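Among the features that TrEMBL reports, domain 'Dihydroorotase catalytic' is placed at 53-241. The Zn(2+) 1 binding site feature in TrEMBL is assigned to His64, His66, Asp156, Asp309. The annotation substrate binding site is assigned in TrEMBL to His66, Leu67, Arg68, Asn98, Asn282, His313, Phe327, Gly328. Positions annotated as Zn(2+) 2 binding site by TrEMBL: Asp156, His183, His236. The annotation active site is assigned in TrEMBL to Asp309. Annotation source TrEMBL lists domain 'Amidohydrolase 3' at 348-425.
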Amino acid sequence: MKLIIKNANILGAEGELELKTIVVGDGVIESISNPGVNDALEGADTKVIDAGGKLVAPGFIDMHVHLREPGFEYKETIETGARSAAKGGFTTIACMPNTRPVTDNPDTVKLVLDRAKEADLVNVLPYAAITKSELGRELTDFVALKESGAIGFTDDGVGVQSAQMMKDAMKWAAELGMPVIAHCEDNTLVEGAPVAEGEFAKKHGLKGIPNESEAIHVGRDILLAEATGVHYHVCHVSTEQSIRLIRQAKEIGIKVTSEVCPHHLILSEEDIPGLDANWKMNPPLRSRRDVEACIQAVEDGTIDIIVTDHAPHSEEEKAKGMQLAPFGIVGFETAFPLLYTKFVATGKWTLAKLIQRMTSDPARVFGLKAGKLEPGAPADLTIVDLEAERAVDPSTFASKGRNTPFTDWKLQGWPVATIVSGKVVWSE
Ligand SMILES: NC(=O)N[C@@H](CC(=O)O)C(=O)O
Ligand SMILES: [Zn+2]
Ligand SMILES: [Zn+2]
């Protein structure tokens, strides 16, 4: 059966919107034509969606998410996480290995892939751990993990503290042609601190996380990437200093790429309203200066992609308060409207630039066959109502997680339908 999407506004080569008809067959885009050209195809064996002039974009790709299964199903499952992703317009997501057991063995990689297949919603790409149980003591079996379907190695949730361990990991990964994805954090500089150094920490008598705790690892790892030739990708960049180091490394041709989260582009520590753990995440909200540096870095390409770091936790856990609650906020269902409202509707970025950082750029960085609207590409599509405006209401989330600092924010540009391999996996 063919799928025909009529009255689709798609981004043209110059970033302008053009009304087109998209024809999908066998899960693949067959053609993109001017209105009317393919009317004859409409018939018995076709399903027609009238997009009514709404934006039809390549499905969003999120290369940093936490699905919590196996082990923490009370926070999220692969199915609820995948549904939440679909609701946010994402069609491909890459999940972190800080599950229980940690995804440090082929069986767990396979379990994640099997559950994702059963859920049959979005494409789920698993990362595997760099070290066993993410304890930083012993490397995992990279060859077996690659064979089982892992797409890269990371100990996200914690930094790899030993430089020698990181160097060995990079050597092996380089040999296998796999990327190393790093949560950059020096434990000796952050012990027990729940928020960033700054006015908020001072006012509430909390220990502060300094910027160097991130940038020290970024600098160290760039040197190790240079020495080993690995593709090194920096997780959730949040400081001016990290950006300076990445910019310089790119200039001299080291294979480094990086990502940033919507909250680090929009919120600073000055915005935290009080001791509410829905504002607690790792890395923490930093200074306004850091936020501006992150925005600048997305604009000039120092930061390649935008990711959510979707990190659901239960309400009980988040109720433990700023000091004791776990780090992390949910991200799928607010990401696009937040970025559209703050950067595109205000005229700071073009729509094409935002979409690029969420689709073709992640596909380029990680070598995925996705992220583009063209004949032959998988029919992974997102339909977005750029006019729709409404307030964020966590009680409506498909995710089990309700932990967001954006409750009641009035946002514009909401996804209305998500299509994966030509199949509608979510619609309003
Ligand atoms: N980002 C977070 O604040 N938390 C993540 C871990 C991580 O991404 O480092 C989590 O797993 O909850
Ligand atoms: Zn992390
Ligand atoms: Zn993470």
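Backbone N, Cα and C atoms are what each Cβ position is placed from, and that goes for glycine too.
Curation plays no part in TrEMBL annotations; they are all automatic predictions.
Feature map: annotations from TrEMBL on the structure.
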| residue | record | Cβ contacts under 8 Å, 6 or more apart |
| --- | --- | --- |
| His64 | Zn(2+) 1 binding site | Ala94, Met96, Asp156, Ile181, Cys235, His236, Glu259, Cys261, Val307, Thr308, Asp309 |
| His66 | Zn(2+) 1 binding site | Glu76, Gly81, Cys95, Met96, Asn98, Asp309, His310, Ala311, Pro312, Gly328 |
| His183 | Zn(2+) 2 binding site | Thr154, Asp155, Asp156, Gly157, Val158, Gly159, Cys235, His236 |
| Asn282 | substrate binding site | Glu185, His236, Phe327, Gly328 |
| His313 | substrate binding site | Lys75, Ala325, Pro326, Gly328, Gly401, Asn403 |
Distant-in-sequence Cβ neighbours of Arg68 (substrate binding site), under 8 Å, six or more positions away: Lys75, Glu76, Thr77, Gly81, Thr99, Pro312
Integer mean pLDDT for the domain 'Amidohydrolase 3' (348-425): 98
Number of Cβ atoms other than its own within 10 Å, given for Asn98 (substrate binding site): 22
8 Å Cβ shell about Asp156, His183, His236 centroid, Zn(2+) 2 site members excluded: His64, Met96, Thr154, Gly157, Ile181, Ala182, Cys184, Glu185, Cys235, Asn282, Asp309
Residues among the binding-site residues His66, Asn98, Asp156, His313, Phe327 that border ligand 2 - Cβ under 6 angstroms, in sequence order: Asp156
Lowest local Cβ density (other Cβ within 10 Å) among binding-site residues: Asp156, Asp309: Asp156
Contacting binding-site residues for ligand 1, chosen from His66, Leu67, Arg68, Asp156, Asp309 when the Cβ sits under 6 angstroms of any of its atoms: His66, Asp156, Asp309
For the domain 'Amidohydrolase 3' (348-425), residues assigned helix / strand / coil by DSSP: 18 helix, 26 strand, 34 coil
Three-class DSSP secondary structure - Asn282 (substrate binding site): coil
Extra residues within 8 Å (Cβ to Cβ centroid of His64, His66, Asp156, Asp309), Zn(2+) 1: Val65, Met96, Gly157, His183, Cys235, His236, Val307, Thr308, His310, Ala311
Cβ-Cβ distance under 8 Å to Leu67 (substrate binding site), same chain, at least six residues away: Glu76, Thr77, Ile78, Gly81, Ala82, Ile93, Cys95, Thr99, Val112, Val124
Fewest Cβ neighbours within 10 Å, where candidates are the binding-site residues His236, Phe327, Gly328: Phe327
